[in-house]
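Notes to accompany the following structure.
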Amino acid sequence: MAIREIIEVPDPRLKQVSVPVEKFDDELKTLVEDMFETMYDAPGIGLAAIQVGVPLRVLVIDLQPDDPDAEPVACDHDGHHHHHQPTKKEPRVFINPEILDPSEEYSVYQEGCLSVPEIYAEVERPATIRARWQDLDGKVHEEQMEGLMATCLQHEMDHLEGVLFIDHLSRLKRNMALKKLEKLRKAA
């Protein structure tokens, strides 16, 4: 397993349309292992293969990226002090994913992206989706998804079409986000 470099805007590869996976082999398994390691290291909750420079229709998602062996996390807010139990990892792999049935009802989540670091914006997407995908063995799965999982899968699937979350923003908001990113890079 290896941590791969995450490509960032304005890298033109991020605008590339990814191609379907046809070979479910050891090379694919290695890619997926590397993607999880890269995503956890970043840290993030989702990663598309194109974000590590591989134009294949492969996504990894884990909405529970915390280390299960970690000590409870101390938290202070609203004058209260308490501890959170760390959550367990739930790694999921989506190969050649498709959205079959997006709802007409929409929800808004604040999104960020490992390829657009330090930038966050509210994006509106279908609240529920029916998704179909293949696993590492090529077996087909189908599932109804909602909430953060539906949003995250749609965000990652956008990468497969060369679309970034900032592309869903108005031109003004997108330009402001890109200027902010440029400033952050100059300051670093």
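The backbone N, Cα and C atoms fix where each Cβ goes, and this holds for glycine too.
Copied over from Swiss-Prot, here are the features:
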type     : residues               : note
REGION   : 70-90                  : region 'Disordered'
BINDING  : Cys113, His155, His159 : Fe cation binding site
ACT_SITE : Glu156                 : active site
Please list residues from the chain of Cys113 (Fe cation binding site) whose Cβ is under 8 angstroms from its Cβ, counting only those at least six apart in sequence. Ile119, His155, Leu164, Phe165, Ile166
Take the mean position of the Cβ atoms of Cys113, His155, His159, the recorded Fe cation site. Which other residues of that chain put their Cβ within 8 Å of it? Gly46, Ala48, Gln51, Glu111, Ser115, Glu156, Asp158, Leu164, Phe165
In three-state DSSP terms, the structure that Cys113 (Fe cation binding site) belongs to: strand
